[in-house]
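**Q** Questions regarding the structure given below will be posed in turn.
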DNA sequence: ATCCCGAGGG
DNA sequence: CCCTCTGGAT
């Protein structure tokens, strides 16, 4: 199944716009329960107004909230961003650390967010167990666990380490475009013949094709 | 387990 | 109206 995924999404990648680790960290916090497209709509203004950790740490809460409002959970996200920035200034000299152990100590940064930053801004192989990753690996029979850390351990034993970051992207792309939470497009899925969950969505190709969201397939 | 929260789709 | 969208903290 991993081979087919690799062939279907050869250039899967992080779809959040960013230019440095700090920008990716902020964008990833904003991406909680929100589409990347919407995050990318607000980050240009945000990054221009707050170019450094010091700028976030000293930000006016109301002004920051107004810019990120449309991403949802805006009060909690503003709290996380300001608290995270203050913590970065106090404990890491204003720099984003490149280790999981350090990243997860920041307010608003969990294991998933930390692995996104490591994998895409620092080039460290990371398994990103988000909602898509959890749903697809369970449907595929790669794991039976529900705890994200246990899922990560199961998948780590199945996939070579050098492929961890790309495999995370491919599963996420497939989850976003075809293997949806609600009505997965089983009839259009290239993994169907190998999938233990084939049939939980429409198996008629024409019906399934209607559910496939636009995106690169090669 | 529940809360945070807005926008877009069906 | 309903649901979902690359979570994290309590």
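Each Cβ is built from the backbone N, Cα and C atoms, and glycine gets one as well.
A TrEMBL annotation is a machine prediction, not a hand-curated record.
Copying in the features that TrEMBL gives for the protein in this structure:
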DOMAIN    A:30-177  domain 'HhH-GPD'
BINDING   A:179, A:186, A:189, A:195  [4Fe-4S] cluster binding site
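Quick one: where do these features end up spatially?
**A** Mapped onto DSSP helix, strand and coil, the domain 'HhH-GPD' (A:30-177) counts 100 helix, 0 strand, 48 coil.
Long-range neighbours of residue A:189 ([4Fe-4S] cluster binding site) (same chain, six or more residues apart, CB within less than 8 Å of its CB): A:178, A:179, A:195, A:198, A:208. Residue A:189 ([4Fe-4S] cluster binding site) falls within neither a helix nor a strand when secondary structure is assigned with DSSP, and so counts as coil.
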**Q** Please list, in sequence order, every residue of the chain apart from A:179, A:186, A:189, A:195 whose Cβ lies within 8 Å of the Cβ centroid of the [4Fe-4S] cluster site.
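**A** Apart from A:179, A:186, A:189, A:195, the close residues are A:139, A:178, A:184, A:185, A:191, A:192, A:197, A:198, A:200, A:201.
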**Q** Please list residues from the chain of residue A:186 ([4Fe-4S] cluster binding site) whose Cβ is under 8 angstroms from its Cβ, counting only those at least six apart in sequence.
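**A** Residue A:186 ([4Fe-4S] cluster binding site) has long-range Cβ partners A:192, A:195, A:197, A:198, A:199, A:200, A:201, A:202, A:203, A:208.
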**Q** For the binding-site residues A:179, A:195, work out the Cβ neighbour count at 10 Å and name the residue with the minimum.
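**A** A:195, out of the binding-site residues A:179, A:195, has the fewest neighbouring Cβ atoms within 10 Å.
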